[in-house]
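For reference, the structure is listed below as structure tokens.
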Amino acid sequence: MPKRTDIQKIMVIGSGPIIIGQAAEFDYAGTQACLSLKEEGYEVVLVNSNPATIMTDKEIADKVYIEPITLEFVTRILRKERPDALLPTLGGQTGLNMAMELSKNGILDELGVELLGTRLSAIDQAEDRDLFKQLMEELEQPIPESEIVNTVEEAIAFAATIGYPVIVRPAFTLGGTGGGMCANEKELREITENGLKLSPVTQCLIERSIAGFKEIEYEVMRDSADNALVVCNMENFDPVGIHTGDSIVFAPAQTMSDYENQMLRDASLSIIRALKIEGGCNVQLALDPNSFKYYVIEVNPRVSRSSALASKATGYPIAKLAAKIAVGLTLDEVINPVTGSTYAMFEPALDYVVAKIPRFPFDKFEKGERRLGTQMKATGEVMAIGRNIEESLLKACRSLEIGVHHNEIPELAAVSDDTLIEKVVKAQDDRLFYVSEAIRRGYTPEEIAELTKIDIFYLDKLLHIFEIEQELGAHPQDLEVLKIAKLNGFSDRKIAELWGTTDDQVRQLRLENKIVPVYKMVDTCAAEFDSETPYFYSTYGWENESIRSDKESVLVLGSGPIRIGQGVEFDYATVHSVKAIQAAGYEAIIMNSNPETVSTDFSVSDKLYFEPLTFEDVMNVIDLEQPKGVIVQFGGQTAINLAEPLAKAGVTILGTQVADLDRAEDRDLFEQALKELDIPQPPGQTATNEEEAALAARKIGFPVLVRPSYVLGGRAMEIVENEEDLRSYMRTAVKASPDHPVLVDSYIVGQECEVDAISDGKNVLIPGIMEHIERAGVHSGDSMAVYPPQTLSQKVQETIADYTKRLAIGLHCLGMMNIQFVIKDEKVYVIEVNPRASRTVPFLSKVTNIPMAQVATKLILGQSLSELGYQNGLYPESTRVHIKAPVFSFTKLAKVDSLLGPEMKSTGEVMGSDATLEKALYKAFEASYLHLPTFGNVVFTIADDAKEEALNLARRFQNIGYGILATEGTAAFFASHGLQAQPVGKIGDDDKDIPSFVRKGRIQAIINTVGTKRTADEDGEQIRRSAIEHGVPLFTALDTANAMLKVLESRSFVTEAI
């Protein structure tokens, strides 16, 4: 059936900020879909609150609204734009929930807007636990016995009838939020109570636990003519019981018989047909390893994390095709863009194995609860492709960037057997490494399979890897063993370790004996048809399929898996850099390992290498492609860290040179440069041990800011107020980088701001200055940033511009750089300089309309700013106010403290823009889900050093009609200044403490600051946790609370007695 002509204008809802459970895969899907709809001639209107994505670029849709995804704003845009149809299935859970809300409020009917892709009834049937159960019963598909409950008592009664363990799943929440496995009544009570609060419809499903079954997923597509196909099936290495987003996954499934595959395939296709979904859908099933029994676990009636993985694993572009199906095209009329010759009706066939491993944030959150369960915790993932399981698994391990280059963490060799087995049984994020260690200690695959329910097939592969390690150890320099190791994915570094030599010598030996990888094409059809996609992976085998072209090429290194501190912003810069390379007439080659992102979409670059970002893997590509040079400044710290080894190997680094990168990163060289350029910085010193640090701090005076050099996202960075805390920091945190000393700086409490600049070596363009709302001490990635600055004097802005120019020229910067300043008493100090693209590039590019990464790339390739039409200096500022606000994922991470400090904790960002600061702030708060009603109660629990300031805020809250509550000390201080606050009890004062007030819904906001001593704050942590769990707005910085007050004041009328 040809595409529909009765609709012209389509609105697409994006997925909003990146949070755990809903990451960059939706940026990829949404970008694909919008372009796909435009290609068919429709007018596309996009709404998304996330500035960090390619999806919210002007070129992606005809009209792009970066506005909050809330009923209020989406309705406004619908009324203004009057689209004919709405496509909600590409915006993750956010998009689906928004569509439901619009429909339930009658907005879609009122405006005559039709839903495309998935019918509302299908969303309901898949998401509402009760309807889903009914549908499965009608289709005679087995599901675990379960009951819908609306109260804790009902849950306990049902569990008594089926027996523990049971699983709790709240309705309409994302990534398993609020759910969990319960082994007894106490756990059930706790998890259900929390789950009911988090479910927008206060219902939970209590179901029999089928933990230990194999978890299999099918990615299916269907069109309006009822054609349906399986794009790909995937098997979790971890059995049921661990969220699929936190599981290691292989595609295609490895351990099912043909009969089992057909059985689950039929089930998946019958489900998508029953739901009448037009587009993509993901079905998760549990298969009993000992019989042919299976259960349907859940269905996602939309494009999901797994579909991004399936798209990259097979090359079959699910989101692109889902958009075409939504407007009436059928699978047998759409050409598969990968082959360019076959139709989309052909099911992909794979002649390789794909491994996906999640990337967790526990390197940043050492206190976080690492046990894995039904609630997702990973921030990102890596994917690797190989010709066997060993190869793809080991390539994925070294893609993770957690300091491992093999399936082993050397420290685990020291762990006792008891601890080892406990970690093998109770899965944490690093279980693979514990299981591998158990095999090295001689536990048999049978024993481990019994303990973990991991299929013995995979454990045999781990055993095979260990056997190769032993062979290597026994036969140093043996070429035959070397070949076997390389066929199974071993890195040069691991081989060197086992041979007692260097990676470099192993590489030389390989090159001399022509043991080099070949590159194979990902073509969706196992090479049955000719394919035109330039999408490759390495393997050691015959016949290289990646042919070097005659055109000069430039290689861009991506930023690897998404983690806190290095998010989708860097992918954004990578994609823009590629556009500029192509515009300059070169062939653009991308190398990256992240399946969720736009940069690894084969249609973005001229060639894509899906490979780990390690020196060995990058050099192999360079040896084959012989590019003009490599661009490292858009791939975050991942790419910057490769600059030095690549340069040493004779590779041309384009842009700022390695010596100059070092001058910005190395403390002593940087100080030297600032002295020469006559630019002030807070006094500081370097220390390599505890005594030196204590000495330095005494000399500078407390408070001091301590941090290791060469890290991204403020890892292991702290503000320390006294010697005792400093010594404990030196003992626990310095392991962050032993070769690099620790920096001890005077901590200046002032106004913080940052600048991104672009330099051609002679002139410097400064697109804008961003002022932080939170004063210095909160990591820049966790601060709200305002552009243009609202409180900086003209003189300060001129000084900032002047210092920026001096630094860019003085450090021989070519391309992008980011500088952070702190201002105190009108004096400007430089805190740090990053000679690369930073996480503010997408935001600033959007609000100034300067495509910064593209401009920087053109300069790197030899053009000048004046040739591109830009002036030297500060760019004229926008007349509107724009705010970038952070978004956190604390609900997913138990035991992680939500207190903001110099270590970054946010996973994503939103943007609010309007004519005034207050309006822009309102939008930013709404978009980041910080919604405050116009009246209610606010509770203050404030450290002594901030009580003065808090008093002023409390008075203003009172003036607009808020009730003020406070903890004992704060209440006494307020009272002595004539403000009566209702006192709340200490933690543990049964019904009178803050957590119990929060549970009863009597508190609308919490303002909690922490004093100089970090140690005595367990009460504060409980208070903050209760706010997070119940979705009560929490402010740990008074500046943020002040910004929220500005919004509330601007929205309320002042009532004064005469």
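Including glycine, each Cβ sits where the backbone N, Cα and C put it.
The ATP 2 site in Swiss-Prot is built from ARG707, SER746, ILE748, GLU752, GLY777, VAL778, HIS779, SER780, GLN820 plus one of GLU826, GLU832, namely GLU832. The highest number of surrounding Cβ atoms within 10 Å, among the binding-site residues GLU215, GLU832, is found at GLU215.
In terms of DSSP secondary structure, the region 'Oligomerization domain' (402-546) contains 78 helix, 11 strand, 56 coil. Taking the C-alpha positions, the distance from GLN284 (ATP 1 binding site) to ASN834 (Mg(2+) 4 binding site) comes to 43 Å. Helix, strand and coil content of the region 'Allosteric domain' (930-1058), in residues and according to DSSP, is 60 helix, 23 strand, 46 coil.
In this structure the C-alpha atoms belonging to ILE242 (ATP 1 binding site) and ASN834 (Mg(2+) 4 binding site) are separated by 38 Å. Sequence-distant contacts (6 or more apart, same chain, Cβ under 8 Å) of ARG129 (ATP 1 binding site) comprise SER146, ILE148, ARG169, ALA171, GLN203, CYS204, LEU205. Highest local Cβ density among the binding-site residues ILE242, GLN284 belongs to ILE242, counted as other Cβ atoms within 10 Å over all protein chains shown. By the criterion of other Cβ atoms within 10 Å of the residue's own Cβ, the least surrounded of the binding-site residues ARG208, ASN834 is ARG208. In three-state terms derived from DSSP, ARG129 (ATP 1 binding site) belongs to a helical segment. In the three-state DSSP assignment, the secondary structure recorded for ILE242 (ATP 1 binding site) is coil. A Cα-Cα distance of 54 Å separates ARG208 (ATP 1 binding site) from GLU832 (Mg(2+) 4 binding site).
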